[in-house]
C-alpha cells in the first residue's frame with residue numbers, strides 16, 4: 001500500500017449566450033480528496049478589456065497557469081478568440097510541461113462560447129452553452145431545458161443551472177459567482 005496523492009476535484013462552471021448577452025458562472029467549492037478545503041474559491045475571470053469571461057475547472061494551480069497562457073494568447077492575437085484558443089491548444093499538446101496540467105477552460109463572449117479541454121481540444125458547442133467540471137452535466141441538462149422552455153435571461157439560466165448542480169453534485173456548492181457581458 002503506497003501513498004496515493006489526493007485528487008483535487010472541484011467545481012461546476014457554466015456559460016451561456018442568449019439574445020446577444022453572455023453569462024458565465026461557477027460555484028465556490030474546492031475539494032481535496034474527500035475534504036472541502038474552501039467554500040468561496042473564485043473560478044471565473046474577465047479577460048481582454050472585459051470582452052471575454054473565462055472559467056476553469058481542475059487543479060487550481062494548473063488552471064491558473066492555463067488561464068495566464070490564454071490571456072497572453074488573447075493579447076498576442078488582438079482579442080481573436082478562435083485564434084487564441086487554437087494557439088493555446090497547440091501549445092498544450094506540444095509542450096511537455098503543459099501536457100501534464102489537469103484543467104479545462106470555458107470561455108464566452110457575446111457571440112461565441114468555447115471549451116478548451118484538458119487534451120488540448122477546442123470545442124464550440126452549437127447551442128452556445130459551455131459546461132465544465134464535476135457538476136457540468138447536471139448544469140448543462142438544466143441549462144438546455146431552461147433555454148428551450150423559458151424566457152429567462154442568460155444570467156438567470158446560469159444561476160438556476162448552478163443551483164441545480166449544487167443540489168445534486170457533492171463537489172459543487174451554492175456559493176455562486178456570475179459575470180455577464
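Think of each number as a place in line: the chain as shown, counted from 1.
Cβ coordinates come from backbone N, Cα and C, glycine included.
A quick note: this is a predicted structure, and the numbers were derived from the prediction, not measured.
Here is what Swiss-Prot records for this protein:
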- 11: active site (ACT_SITE)
- 166, 169, 172: Na(+) binding site (BINDING)
Looking only at C-alpha atoms, tell me how far the residue listed as 'active site' is from residue 169 (Na(+) binding site), rounded to the nearest Å.
9
Once near-sequence residues are set aside, which residues in the chain of residue 169 (Na(+) binding site), 6 or more away, have Cβ atoms under 8 Å from its Cβ?
12, 134, 135, 138
Given the Na(+) site residues 166, 169, 172, which other residues of that chain have a Cβ within 8 Å of the mean position of their Cβ atoms, reported in sequence order?
12, 27, 29, 134, 135, 138, 139, 162, 165, 167, 168, 170, 171, 173, 174
Using Cβ atoms only, which residues of the same chain lie under 8 Å from residue 172 (Na(+) binding site) while being at least 6 residues apart in sequence?
11, 12, 27, 29, 133, 134, 135, 138, 162, 165, 166
Among all the protein chains here, how many other CB atoms are within 10 A of the CB of residue 166 (Na(+) binding site)?
22
According to DSSP, collapsed to three classes, what secondary structure does residue 172 (Na(+) binding site) have?
coil
